[in-house]
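So the structure is just underneath, and the comments pick up after that.
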Amino acid sequence: MSKNIVVLPGDHVGKEVTDEAIKVLNAIAEVRPEIKFNFQHHLIGGAAIDATGTPLPDEALEASKKADAVLLGAVGGPKWGTGAVRPEQGLLKIRKELGLYANLRPCNFASDSLLDLSPLKPEYAKGTDFVVVRELVGGIYFGERKEDEGDGVAWDSEKYSVPEVQRITRMAAFLALQQNPPLPIWSLDKANVLASSRLWRKTVEETIKTEFPQLTVQHQLIDSAAMILVKSPTKLNGVVITNNMFGDIISDEASVIPGSLGLLPSASLASLPDTNKAFGLYEPCHGSAPDLPANKVNPIATILSAAMMLKLSLDLVEEGRALEEAVRNVLDAGVRTGDLGGSNSTTEVGDAIAKAVKEILA
């Protein structure tokens, strides 16, 4: 059983965290000899700009199109600024070219032992468990725009079509139906102001009503949802669906609840994972952390992204769950990087998780 994975380390800590994810995947292959992971490394982001002049070289894109999944580290940094050619353009391009229309970002505690690290009081944070499903290839980030050309005027445009909203709604519904009873769906918009949000709300409502009558959907204005998230996040438990820009913002807000950006994974999918073989790109929610010393970054977000990859793209559900259990066991044992109040290095955390997952699967 051979699985082809393109690795895009990216910039700064990107290589460190992807190295640790590869380490734990190889540990799984050691105890499951029928599984073989083939890793192919390519450039993206600032590293690609330095080497080739473009944030996403053609060979990286073509290799990604042929892979079973893509594992990405982190992109960007102050070195490359905000000029005409920027590292982040590589991310936008690969999402669009690979049709990665749905971004999944879980918000929960990898271990309850981390509750005291949350900026929220434990009694409010405990039990938080939702996934943000963000539409990733439409909306204002891909709309028509005008730069300031000396006239002091610039603008961006938000545009959504019914098929785009239906597609992301079906992804949210699929995820909700994976639990028994099904999870509630929360749809976030700004329908009291924006025409695109009114189309969004209408389409989400009709899609759920006609295609998934067993599910419930509740609509929430994005600003109200942002308040709920810091006041009582468990009220949003279930599946949270929203557009590209709102999803970008609300998922970053949610990411601090578990106490560290170094804990949260993400998946960007091109299709429903109904056979556990959806093509996807997996990356941590944190950035490239250019100021962080070597061997200090928390690799858990990337390792948990690899666990999502095992479950959603590589049809290795048991192994993915084992990896999540290994992470929980290691955290409970107190093996932690500095962002979690520990003193362990990046490689020490990776080593501990690799050992733990082998013990679970042996």
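Going from the start of the chain as shown, residues are counted 1 onward.
Using N, Cα and C of the backbone, Cβ positions are placed for all residues, glycine too.
Swiss-Prot names Arg95, Arg134, Asp223 as substrate ligands; from the candidate set Arg86, Arg105, the record adds Arg105 to that same site.
Listed binding-site residues: Gly77, Gly287, Pro293; maximum Cβ neighbour count within 10 Å falls on Gly77.
Rounded to the nearest whole angstrom, the C-alpha distance between Asp223 (substrate binding site) and Asp248 (Mg(2+) binding site) is 14. The closest partner of Gly83 (NAD(+) binding site) among the recorded positions, by CA position, is Tyr141; the full candidate set was Arg105, Arg134, Tyr141, Lys190, Asp252. Around the Cβ of Asp252 (Mg(2+) binding site), the same chain contributes Cys285, each under 8 angstroms and 6 or more positions distant in sequence.
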